Amino acid sequence: MVQATNLGFPRIGAQRETKKQVENFWAGKISEQALDEAAVKLRAENWKLQQAQGLSQIPSGDFSFYDHVLDHSVMFNVIPQRFRHLAIGHERNFAIGRGIQKPATETQPKVDIEAQEMKKWFDTNYHYIVPEFETNQSFHLGAQIKTLDEFNEAKALGIHTRPVVLGPLSFLLLGKTAKNSHGLDLISLLPSLLPVYEELFSKLAEAGADWIQVDEPCLVLDTTPAVIAHYHSAYTRLAAVSPKLKILIATYFGRIGNNVSFIKDVPVAGLHIDLVRAPEQLEHVIANLSQTQVLSLGLVDGRNIWKTNLDNALKIGQAAVKALGSDRVFVAPSCSLLHTPVTLRFEKRLATKHAELFDWLAYSEEKCKEVHVLTQALNNGAESVQAELDANKRSIDARRTSSHTTNSAVRQRLEAIVPDQLRRRSAFPSRQADQHAALPLPAFPTTTIGSFPQTKEIRLARSKFTKGEINEAEYNDFIKKEIAFCVKAQEDLDLDVLVHGEAERNDMVAYFGERLEGYIFSENGWIASYGSRCVRPPIIFGDVHRVNPMTITETVYAQSLTSKPMKGMLTGPVTCLQWSFVRDDIPRSVVCTQLALAIRDEVVDLEKAGIVHIQVDEPAIREGLPLRSVDFDYYLQWAVDAFLLSTTGVKDTTVIHTHMCYSDFQDIFQAIVRMDADVLTIENSKSDMRILSAFEKHGYNAGIGPGVFDIHSPRVPSIQEMKERADAMLQYIPARNLWINPDCGLKTRGWKEVNESLTNLVAVAKALRASA
Ligand code: MET
Ligand SMILES: [Zn+2]
């Protein structure tokens, strides 16, 4: 029998319960016990919900308050030195994720510890806490073994689950070496790590687990034969732990390719592959399984919100059943549903006001159902679920033939793009001279990345406006006051290039999506981004275009309040694309080009309105990079072209800024150069100086502001630590090009920390000027 399975369910709760409870805990409003109770309740609901949709293998251990990789590190006692003296428990785990700062009290000295690094999870907008390994790292299970505890918790409810753990190779490969352990080869830790996996697996087997899902997403990356040999030896050992235990190695987000080679030679029971991202890999993988191994087919898109074309998926399932027999086939979402919202049940507005589009959607709950329907069709014939299949076909056909997804004017404008629309008038050195002559700035100019604290008052006003409790004029008035407050604060701080603060924006892509055609918004389509932070990606369902200016009023108003330059603030096309749920009926590159034309119009209008500095944020350009290097060039060609299309419609004297964050930039260095921005502000505060040496090595010659402090943490950086960072940067970056700024926007912070941090930041720039 084909099994209906799942790889992971969202942990945020259908109405973001987890986020709310975690934040209440941080605020001291609820106890640790209350937090745990809330989680127990949510996990039970999730398991029951998946059961109710008809899944037979339901994951456990997929829950997390902050991040599952962080939990995994803690479970294996991979805790950096600086956190080890903290008491075991949620507070310590949260400290690892977000840093901790507490003033001294009569009995306790002050606490001030930097968070562990956070990185994007493959090409998603989910962020994981990067494990930090030391030379002689010791691994052991603590008193609490999260995976085991959650398996038992489900068992107590009468639900037999499939425990999920991050596999040993991906755990090591996704990690980094601690500061005190330079030169450590992460893979060399495998021999000391494996016994702890063995211990965990035998405990799970004792507890009654049969299938266990071991995630090895690094198998979809470029890999060397040496590393594959380690997969081979590791899984040979792990598969021998218990005859009761069946290991399913799970890969997702791309094709496994030739990395599949070791699978048939190790006694693991099965392999999961992503057939949404890489449908072409089916035959190759089937040919590389042993005679008994199960293939788990990722047929339902775990990263998007569209209904699955069940007819197509069924054909793939049938081919697999034909080749392997139904006992060797599982049906599953392509990856954990962590990246999909929880349920359509609360999308009341879409259901009533946008019924046409609503009918095209499926969230996690509905996707579990799709998995079930496919499984039924494979086991009992399509007739057994004919009504479901027919309804699905109607939705799929309706979407394909809808008149609301195509706009011929947009298509024509795309056809007419010429190469001149992809370049600035002059090269950077000449622009830099013109810009300096037109509007000189002090050395080491200071600026911020755009957003300032999104205070309770701002959120309240926005919610009142949404609910109709205040009218548009009142809301606009409120925003104006916020802008004025923000501009005044920056003048008091003596920053050089100011921003209006983005008070009117809730989310940097949603804001533009709301003002563009081709988008629609959900009420409850939340997905986890980092820590307790969730995002609600807009949905791009049709051709995108700009009807009216989107940011001119606020920017021009902000400029009118100051004689310092005001930076206009836009979200770039690639980021709009990456952080939306994108239609899957035309290529992403085409959607991106449509977005670029819309942003281009806005850039030109800002310039016309007298704005000299314009920032087009592309924080997500790196995360869109394909996972295999052979696919890089194609992506970077269209992505950078889209950025150029959006930014090059201006005069040489207009200063184009861009901003990127949370990524490793080395592998897109040439693309960054080709983006030809006048100023690039990048996240760098937590990572090392490797990226800066790359900028030096390649002779990057434009303005650059590697963040001097980490905005994801509430701690206030001292003048000294930021000065040290800036001094280190000056070893790589010519003084004339160095900007001083935080590493990202300040919207998640409070005004008190922001004022203190920026006071210190401005002092750093002044100290640099004084010693120049
Ligand atoms: C994630 S990048 C954020 C850039 C945006 N301008 C901000 O300051 O919030
Ligand atoms: Zn950023």
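From the backbone N, Cα and C atoms, a Cβ is placed for every residue, glycine too.
Not measured: the values here are computed from a predicted model.
Binding of L-homocysteine is annotated in TrEMBL for I449, G450, S451; the matching candidate from D601, D605, D617 at the same site is D617. Checking the candidates W47, W211, W579 against TrEMBL: the one annotated together with K19, N125, R533, C534 at the 5-methyltetrahydropteroyltri-L-glutamate site is W579. Among the candidates C592, C744, the residue that TrEMBL annotates alongside H659, C661, E683 as binding Zn(2+) is C744. Every protein chain shown contributes to the tally, and the Cβ of C534 (5-methyltetrahydropteroyltri-L-glutamate binding site) ends up with 18 other Cβ atoms within 10 Å. Take the CB of K19 (5-methyltetrahydropteroyltri-L-glutamate binding site) and look out to 10 A: across all protein chains shown you find 19 other CB atoms.
Mean pLDDT, taken over the domain 'Cobalamin-independent methionine synthase MetE N-terminal' (4-316), works out to 96 on the 0 to 100 scale. For ligand 1, the neighbouring recorded positions among S451, E683, H712, C744 are S451, C744, by Cβ distance under 6 Å. Cα distances from R533 (5-methyltetrahydropteroyltri-L-glutamate binding site) to the recorded positions E502, D617, H712 are smallest for H712.
Screening the binding-site residues K19, G450, C661, C744 for a C-beta under 6 A from any atom of ligand 2 leaves C661, C744. Binding-site extent for 5-methyltetrahydropteroyltri-L-glutamate: residues K19, N125, R533, C534, W579, maximum pairwise Cα distance 20 Å (rounded to the nearest whole number).
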